[in-house]
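Engineer: When I checked TrEMBL for this same protein, it listed these features:
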TRANSMEM  12-34  transmembrane segment
TRANSMEM  46-66  transmembrane segment
TRANSMEM  92-112  transmembrane segment
TRANSMEM  132-154  transmembrane segment
TRANSMEM  186-208  transmembrane segment
REGION    263-285  region 'Disordered'
COMPBIAS  268-278  compositional bias 'Basic and acidic residues'
TRANSMEM  299-322  transmembrane segment
TRANSMEM  328-350  transmembrane segment
REGION    388-442  region 'Disordered'
COMPBIAS  395-406  compositional bias 'Basic and acidic residues'
COMPBIAS  417-442  compositional bias 'Polar residues'
Amino acid sequence: MDYSTPEFIALQVAASTSGFVSLCGSVVILGLIICDWNGKFGQVKYRFLFALSIGDIVNSLAYMAWNLPAPSDTPNLWGAMGNDTTCGVQGFLYQSCLISMFYNGALAHFFYKSVCQGYDDEAYYNDGWEHFWHLLATGFPCISGLVSVAMGTMNFGSNGCWFAPSPPNCLTDEDVECERGESAFILGWAFIGAPCLALVSLITFYMWKINKEVAAVVKVAHEQQQQERQKRIKAKAAKDASVQQRLAGGRRIAMDGSVVTPKTVATKSERTTEERQTPADQSTTSGVVDRVQEVATQAYWYVGIFMLTHAPGFIPFNLYILGIKVPFVVTVVYVFLWPMQGLGNVLVFLRPRIALLRRKYPHLTYTRAVVSAIFNYEALVATTFSENPRSSSQESRHASNEDSRASKTRSKRSKSPTALNVRTTSRGSWGESSSDNSTDHV
């Protein structure tokens, strides 16, 4: 890359800064999972997030070094102080970005199975899907990295010490002879480009299916609410007609044409029981819709972060392949965004907590809410409980026994004649539930 010394310094600062911030974000996710090991690590989504964060930490550390491990004799490269071996090691660590990519696909697949096919954690594990994703997400990056290093394709280029020939322009300049890495571009597309595009296509398909399922759930819920409203209208009309019949003391013709006598009129206790059932059914329907929508919302956020941080990396690589000089702005955007998935993931991870805290404490700024969600969340929620026990008693019960609540909800849905017939997971969403009746439901 033919950049000036100040531009190389700016690239180093951008890579080190974004890598460190992403590292901190991934460490926070690991810490929150470890602090509730028995509760969270028993769930598939947390095991995926745990492994994803480890891969992101490795990738962030590699990016923080940026051009320092490059061979010291690399022409026009400021800060290079390594050799071919250190450059190869950094390239191998760069391949760890595939770990986070594959685990993004694993999360999308898990929630597709949960929302659209009714899988829970046990079914997903027993069917072997979790083992498949763990093997793929760890095996492919390691094997592809070792093969690339062995073939000498990890050299300094537009994307740092990654897939590039040595010297950097030997494949695009006929006057320069390659010393190593003649197959760097082919392996780059085979080991990074093609898997990434395949994952993006797969994740897009899963998001489309989840969105379609959410739309169907909302439609069914709306139809059932309309049916319940019509039932209440008809019940009220029948009640008014029965009252008029009793006052008249004789037989009357009902709205449907049947003959109604006083003995066919429901008693007060029967009417009261019927009226009590309707709000419960509505609550169950609303709860199911809320949970499905929360799953979709968290899924969209995680996928959006993945796309935003990784898409710019393809631009400099392809310009480099075509022999076009990569503009400095393109390189600095790529260098800054690529390692930032850790920061994005932790903000999505904490999003429901942050939303709940800002509802309970409107004076909190977003920054203070983030800090409180990490370090003081349980205490603040407990304070809310003690100050308003009546309104938050349901939250407390959910926080202490989430699985029991989910089981009761499923039982209630199956017994209720108006229950919403949709497939949902018993484990909630990609993040902690932001509803008022939950406190720790990532």
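Each residue's number is its place along the chain shown, starting with 1.
Note that Cβ sites are derived from N, Cα and C of the backbone, with glycine treated the same way.
Whatever TrEMBL says is automated annotation, not expert-curated.
Please go over these features one by one and say how buried each is and what sits next to it.
Structural biologist: Residues 40-41, 46, 49-50, 53-54, 56-57, 60-68, 78-79, 160, 332, 335-347, 349, 374 of the same chain, all 6+ positions outside the transmembrane segment (12-34), place their C-beta atoms under 8 angstroms from a C-beta of that stretch.
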Engineer: State, in range form, which of 46-66, 132-154, 186-208, 328-350 has the highest count of Cβ pairs under 8 Å to the transmembrane segment (299-322).
Structural biologist: 328-350
Engineer: Based on Cβ pairs under 8 Å, which of the stretches 132-154, 186-208, 328-350 lies most in contact with the transmembrane segment (46-66)?
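Structural biologist: Highest pair count goes to 328-350.
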Engineer: What residues elsewhere in the chain lie close to the transmembrane segment (186-208), defined as a C-beta under 8 angstroms and at least 6 residues from its ends?
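Structural biologist: For the transmembrane segment (186-208), the list is 95, 98, 101-102, 104-105, 108-109, 111-112, 140, 144, 147-148, 151, 153, 162-163, 299-300, 303, 306-307, 310, 314, 317.
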